[in-house]
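Here's the structure we're looking at; comments come further down.
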Amino acid sequence: MEPGNDTGISEFLLLGFSEEPELQPLLFGLFLSMHLITVFGNLLIILAVSSDSHLHTPMYFFLANLSLVDICFISTTVPKMLWNIQVQSKVITYSGCITQMYFFILFTGLDVLLLTVMAYDRFVAICHPLHYTVIMKPWLCGLLVLMSWIISILHSLLESLMVLQLSFCRKVEIPHFFCELSQMIQLACSDTFLSNMVMYFSAMLLGGAPLAGVFFSYSKIVSSILGISSAQGKYKAFSTCASHLSVVSLFSCTSLGVYLSSAAPQSSHASAVASVMYTVITPMLNPFIYSLRNKDINRALLRFPGMAALKGSIVLG
């Protein structure tokens, strides 16, 4: 079929990682396992925070929201890929692609903003401990999460509307495992200048500003920790934000890797592989990072039937 302008296009093709039939069962099993681990792990975090009154604090309130967003985040892309592998099809409808892209942008933005809010929470807790309960009141925590949702929804809506204005060739192959914004803009047949400008500007505004906020918060946190006289006090202060810093570093580095790989020539496959890091691996690792050395989370989890035996078997294994 000859390429040409077609504003009534009905479907796209998601090329995924490999066209080799013998690799499809391996990919299916791998991504199904990662999806189930992510959903189960983040659900445990949410249940632990909601069931234990000791965890009804701003830090764990934000963590529970992050876990919810991570479940939605991975569920936006992986189930469709698993379905395509199962039915041996690469097709996704035009409306399905736009919907997937909308929710992917939404939950990516929420991840970034919630990590920024959590950095602010750690900044107040360590740098202004005496005023922590006065500043981080429940209404402020709720307002910060609500604003994160509103900003992410408006940003995702703007990007989706820009893509809806584009026309595509009659046969559109997306060299990715989901409908990614930059890939779709590159494949459009119409003028993409405005769409690119909106994409780059929003990336700098909604990516650069939160990252600068995180850096500022941790620069103040490090200064405060260095000012603590006792080694035990320094360790205790650092341990309260070590998990969050690990997650921020993992998410930021993998996201940066995706954009750097997309700038390289002939990097479509490399970009798809790199995207797995922050779309699949990071949401899967978050529950382990936050619960591995967190005594409060571990205590809350051990209250659930069978969790003590499960933890014991993991340690023995």
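Each Cβ is built from the backbone N, Cα and C atoms, and glycine gets one as well.
Among the features that TrEMBL reports, transmembrane segment is placed at 26-47, 59-78, 98-118, 139-158, 197-216, 237-260, 272-292. TrEMBL lists 41-290 with the feature domain 'G-protein coupled receptors family 1 profile'.
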>> If we skip the immediate neighbours and take only residues 6+ beyond the ends of the transmembrane segment (26-47), which ones have a Cβ under 8 Å from one of its Cβ atoms?
In response: 16-18, 63-64, 67-68, 70-71, 74-75, 78-79, 81-82, 85-86, 280-281, 283-284, 286-288, 290-291, 297, 301, 304
> So, does the transmembrane segment (272-292) come close enough to the transmembrane segment (139-158) to give 3+ Cβ pairs below 8 Å, pairs being at least 6 apart in sequence?
Replying inline: no
> So are the transmembrane segment (59-78) and the transmembrane segment (197-216) touching or not, going by 3+ C-beta pairs under 8 A with a sequence gap of 6 or more?
Replying inline: no
